[in-house]
Amino acid sequence: MWQLWASLCCLLALADARSRPSFHPLSDELVNYVNKRNTTWQAGHNFYNVDVSYLKKLCGTFLGGPKPPQRVMFTEDLKLPESFDAREQWPQCPTIKEIRDQGSCGSCWAFGAVEAISDRICIHTNAHVSVEVSAEDLLTCCGSMCGDGCNGGYPAEAWNFWTRKGLVSGGLYESHVGCRPYSIPPCEHHVNGSRPPCTGEGDTPKCSKICEPGYSPTYKQDKHYGYNSYSVSNSERDIMAEIYKNGPVEGAFSVYSDFLLYKSGVYQHVTGEMMGGHAIRILGWGVENGTPYWLVANSWNTDWGDNGFFKILRGQDHCGIESEVVAGIPRTDQYWEKI
């Protein structure tokens, strides 16, 4: 009997796969297919003439990896608003508005972490300390504990590294901001641009424990530490409460090729092949035309999506968006002597 049932399941899965049209990830046909479905979002071209290998490398997060213990939260008495945007809640913290660019490197796991950490340092010091935490330092110096550098990594281990070893400051490529700015250049994965072309190739830079010339303090003195790191349960309310009380979090989800075409609205997967796991920064929530969403910052520059941001369906663990949330609290005692 079970063999008959297994055969039936296989046939149904095959029929479902055949009923879904197959499109090139960046094709006009895929854009038109999504938009004709009249779903909750609009598709358009964000990439032009790039290798599929590059697109898959952008999704550099290993899903289902190790997780730190969950933090117990008591949110029953907390009144959460219908909509929340960390950019508006903490306008004095400039990093919350910032969109970075990971370039030709699967470093999203590091970017989601350092972006949220930067935000939280500002929030938890009442805007007395505003710093761009270095994605370069995390990407290059965490080593095998975090994964495989530009070939992918584990968001939870990124936060653990922050608490154990600390992270120095470092801004965007060629910004000369902080101790270790990002060394991988942005590439032209977008339409009608002037940057060099993107490829799926690119080695992880070397770990350097020296700040760039002209910057002080020293590498060791520039370290920023976390007090703790933890997982957040996949409860919609717990994630909202965490953001509301402590600031943006890092999340991760499964990316399908239709997501690459996101322009506006609330993303829900329509069709397309699986590209990989992708880490991002969740900074708020709301409801658009009756559809609940998470407000999310990507790391594919500002000419992707909605000025670098996107919205994705909230409350249904869509593409796993609520299953991989991690966060932490900064060690604020290291700052009070300097303030």
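Each residue, glycine too, has its Cβ placed from N, Cα and C.
Listed in Swiss-Prot as the disulfide partner of C93, from the options C59, C108, C122, is C122. For C207, the disulfide partner named by Swiss-Prot from the candidate list C108, C141, C142 is C141. N192 is the residue among N38, N192 that Swiss-Prot describes as N-linked glycosylation site. The disulfide bond recorded by Swiss-Prot for C105 joins it to C150 [selected from C59, C142, C146, C150]. Candidates C122, C141, C150, C179, K220, H278 (recorded positions) were compared with C108 (active site); those inside 10 Å Cα-Cα are C150, H278.
The two recorded residues, C207 (disulfide bond) and C146 (disulfide bond), have Cα atoms 13 Å apart. C179 (disulfide bond) sits 10 Å from K220 (N6-acetyllysine), taking the CA atoms of both as reference points.
Taking the Cβ of C93 (disulfide bond) as centre and 10 Å as the limit, one finds 24 other Cβ atoms among all the protein chains shown.
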